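**Q** I have a structure here, written as structure tokens, and I will follow up with some questions on it.
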Amino acid sequence: MFFQTTIVAALAFLAVATPLALRTDSRCNTESVKCCNKSEDAETFKKSASAALIPIKIGDITGKVYSECSPIVGLIGGSSCSAQTVCCDNAKFNGLVNIGCTPINVAL
């Protein structure tokens with residue numbers, strides 16, 4: 001009986017003492033999470049009037065373009081997110097038009 005208790009206690013000690021591995025696969029922090037009310041393909045965006053608002057070569061844009069973005073923290077004040085929650089860790093042109101964001105699945 002004493003031997004079993006010692007083994008269980010030793011295993012419990014090892015489980016508690018083992019350090020947790022730091023996950024570095026996702027760098028999206030709370031400041032990078034945005035709620036974007038509009039999302040469109042880059043090709044559609046290139047044809048829109050909004051494309052004239054950003055000072056980069058339009059041909060360089062690929063993937064999705066998100067607009068009307070606000071921080072998730074702002075949702076507490078009564079805003080609503082009707083399209084897509086994104087991580088804008090490496091985003092360009094924060095707010096009006098966001099390029100370089102990654103969609104994330106967050107239940108709000």
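The backbone N, Cα and C atoms fix where each Cβ goes, and this holds for glycine too.
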**Q** What does Swiss-Prot give as the disulfide partner of Cys69, choosing from Cys36, Cys88, Cys101?
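**A** Partner cysteine, according to Swiss-Prot: Cys36.
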**Q** In Swiss-Prot's disulfide listing, Cys28 is paired with one of Cys87, Cys88, Cys101. Which one?
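**A** So the cysteine paired with Cys28 in Swiss-Prot is Cys87.
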**Q** Which residue in the list Cys81, Cys101 does Swiss-Prot annotate as forming a disulfide bond with Cys88?
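**A** Between Cys88 and one of Cys81, Cys101, Swiss-Prot records a disulfide, namely with Cys101.
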**Q** Show me the subset of Cys28, Cys69, Cys87, Cys101 whose Cα is within 10 Å of Cys35 (disulfide bond); these are the disulfide-bonded residues I mean.
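**A** Those close enough are Cys69, Cys87.
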**Q** About how far apart, in whole Å, are the alpha carbons (Cα) of Cys36 (disulfide bond) and Cys101 (disulfide bond)?
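**A** Counting only the Cα atoms, the answer is 10 Å.
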**Q** Hey, what's the Cβ neighbour count for Cys87 (disulfide bond) at 10 Å?
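**A** Result for Cys87 (disulfide bond): 19 other Cβ atoms within 10 Å.
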